[in-house]
Every structure is written in structure tokens, then in C-alpha cells.
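Let me begin by presenting the structure, written as C-alpha cells, before commenting on it.
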Amino acid sequence: MPSAKPLFCLATLAGAALAAPAPSRATDFNKRSTCTFTDAATASESKTSCSDIVLKDITVPAGETLNLKDLNDGTTVTFEGTTTWEYEEWDGPLLRISGKDITVTQSSDAVLNGNGAKWWDGEGTNGGKTKPKFFYAHDLDDSKISGLYIKNTPVQAISVESDNLVIEDVTIDNSDGDSEGGHNTDGFDISESTYITITGATVKNQGDCVAINSGENIYFSGGTCSGGHGLSIGSVGGRDDNTVKNVTFIDSTVSDSENGVRIKTVYDATGTVEDITYSNIQLSGISDYGIVIEQDYENGDPTGTPSNGVTISDVTLEDITGSVDSDAVEIYILCGDGSCTDWTMSGIDITGGETSSDCENVPSGASCSQ
């Protein structure tokens, strides 16, 4: 600590000369400094002592959160090396970051490794081991997450509950879960959020690439999704917030997945899905549905019986092209009586599968055939 005394003395002398402003400048100096942390406890305890936080080769103890909640405004968080989490059955999250005007990024070779294989048992959140969610980006407002490489999350990767958050060039690689029992490894789960922009994401998983449960003004562009359940809205209904409004999925690919484009709402619930656009979505290797919109979910599964309490309106499906498996359905629409309105479909060219004869209450402007 040889440098502490000179700094203290300088601050004291400045205080003698300039009175009250000196402590303010000392505080500003501390906030401008860079802190490098190599253990989770110190990072969590000292996170507000500086405005540039470097997390280097941290191993987070079992059952603990790498907690970067309530950071100072304007803080930058940089991951270096490999960040890992030790095994314990619990709900998580493994990582939590919140604050305003925060930048979260990493060095070029960094990895956030959730060690998901230790939890994977083919059950996901439906049973078996209790699995922690990975990253809560909650109350991370007016902020940016850029360039993260996330590998092997136990279940859902990034949970978003924020306002004005940009997520760019993030990779979520749960491809090991294809053969090791990964399930419900959603890429991005979005709820109670406004103005969320996700660009250039790569998601390899066994769950939704994106699932929007509630929120407004959400934009997903340039995504590459494989192995999972597709680009999803819902299930909508039965939550505190049951509105999804002004959502765009554009210029993205979905491959080797159960679904391409999906909107699902909860049976006998209420809510609103409004002003939705899927544009220029390319599909390949889809096993279940190219496009599926249904209003019959109950206890997490479709029932075949729709209800009309959640309305789905102002939907644009355009330039959705590609192929599905031979036993997959190209387009399936199951709406309640009068609850689906003002839809337009154009440039739909999905090949290789079956045409559904079970669609119900298909709104004007849409069709289950091409």
C-alpha cells in the first residue's frame, strides 16, 4: 500500500487549498479507475469502487451469483479469460448485472462457461435436477451487452427485464446439449421490457432462440438460430403483464429446429399480441412447423382447443422461405373465434412438408396453404 499515503496526502492538500471541491474530485478519480477482480466475492463487494470492472478467470462458487447488481451509472464490465460456475442444484441466477448506462463486453478470447452438462438430464425446467438460470439482465437500462460468448447454460441463458437495452453480436452455444441432455436452454427470454434491440445473435440450443412473453418495441435482426424451438412470442397470458406489442423479427435464419416462426397464447387467459412482423426469415431442417400460431396452450402444452381471450392483431408475415421435414406442417393457424384480426401474409414459400387440414378461424389475409 505504499501509494495510498501519497494519494491521501494529495487529496488532503487539495482539500486545504480548495475546500469542499477536493473530496468530490477524489471520488471522481476513484470512479474513473479500473478494477481487476479474480474472485466473485470481491467483485460483488467492491463493484461500486470503480467505473471499469475487469473480471478475469473467475470461478464462481457453487450456489452463488456473480452479483453485479446496482452498478454505478456508466460502468463498463469486461470479462477476460474463462468465467466458470461450480455445480449445485438451485434456481440461480448464475450472473446478475443491473444499472444504468452500463456496457457489458469481453476480451476476444473470453468464455462464460455455465458448465451446463453437470445439470443436464433431458428434463430442463420440467423436472429432474433443479437448474439455475444463467444471466439476469434485469433493470439493465439504457445499456449495452456486446460480443459475449456464452457456453453450456444449465437452462435459459439470458433473461431480459429492462428498458432501452441493446444486445449485439452475442453467441450462446449450447450445442453440446444436443447429445448430452440439454433442454429448455432458451437463448433470450424477454418479459416486461421496452425498447430491446438484439442484433447479430448466434444461438445454438434446445429451447426457444427468442421467447417474448411480454414487452413492447422489441427488434431482433440478423440472428442465426439452430437446434431449438425457433423465433417465438409467448406463451402470452396468465402473467402479471400480458401485452406484447410492436415486435419485429427480420433478416434471420432458423435451422434444424422444431419450429421456424411461432406465436402461442394461453387457453382461457386474457392479453394482447399486437403489431407483430416476421420478415425475411429463412428456414431449413424444421421438424414440426414452419409457421405456427395457436391459442390453445394450457400447462405449457397445446390442447387443440383455442380460446379468444388473448387477441392477436396487426400481424405481418412476409418473405418467410425455406424447407421443413417431410412429416412437418408448413403452416398451422389455430385461432379463437374472432380473436385473430388484421393479418397479412406475402412472399411465403415453405416447402417439403404437409399442408394442415386442422386450421381454425384463420383471419382474412392469412392462409394455411400457399
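Glycine residues also receive a Cβ, built from the backbone N, Cα and C atoms like all the rest.
Listed features, source Swiss-Prot:
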DISULFID  CYS35-CYS50  disulfide bond
DISULFID  CYS209-CYS225  disulfide bond
DISULFID  CYS335-CYS340  disulfide bond
DISULFID  CYS359-CYS368  disulfide bond
CARBOHYD  ASN246  N-linked glycosylation site
REPEAT    162-192  repeat 'PbH1 1'
REPEAT    215-235  repeat 'PbH1 3'
REPEAT    273-295  repeat 'PbH1 5'
REPEAT    307-352  repeat 'PbH1 6'
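Projection of Swiss-Prot feature records onto the structure.
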| residue | record | DSSP (3 states) |
| --- | --- | --- |
| CYS35 | disulfide bond | strand |
| CYS50 | disulfide bond | coil |
| CYS209 | disulfide bond | coil |
| CYS225 | disulfide bond | strand |
| ASN246 | N-linked glycosylation site | strand |
| CYS335 | disulfide bond | coil |
| CYS340 | disulfide bond | strand |
| CYS359 | disulfide bond | coil |
| CYS368 | disulfide bond | coil |
Study note, to complete from the structure: Nearest by Cα to CYS340 (disulfide bond), of the recorded positions CYS50, CYS209, CYS225, ASN246, CYS359, is CYS359
Point to revise | Close in space, distant in sequence - CYS359 (disulfide bond), Cβ under 8 Å, 6 or more apart | key: ILE331, TYR332, ILE333, LEU334, CYS368
Revision key, fill the gap. Counting Cβ atoms within 10 Å of each Cβ, the densest environment among the disulfide-bonded residues CYS50, CYS209, CYS225, CYS335, CYS368 belongs to CYS209
Point to revise | C-alpha spacing of CYS50 (disulfide bond) relative to the residue listed as 'N-linked glycosylation site', in angstrom | key: 38
Review point. Counting only residues 6+ apart in the same chain, whose Cβ is under 8 Å from the Cβ of CYS35 (disulfide bond)?
Key: SER46, SER49, CYS50, ASP52, ILE53, VAL54
Review point. If you measure CYS225 (disulfide bond) to CYS335 (disulfide bond) at Cα, how many Å is it?
Key: 27
Review point. Across all chains shown, how many C-beta atoms besides its own are within 10 angstroms of the C-beta of CYS340 (disulfide bond)?
Key: 29
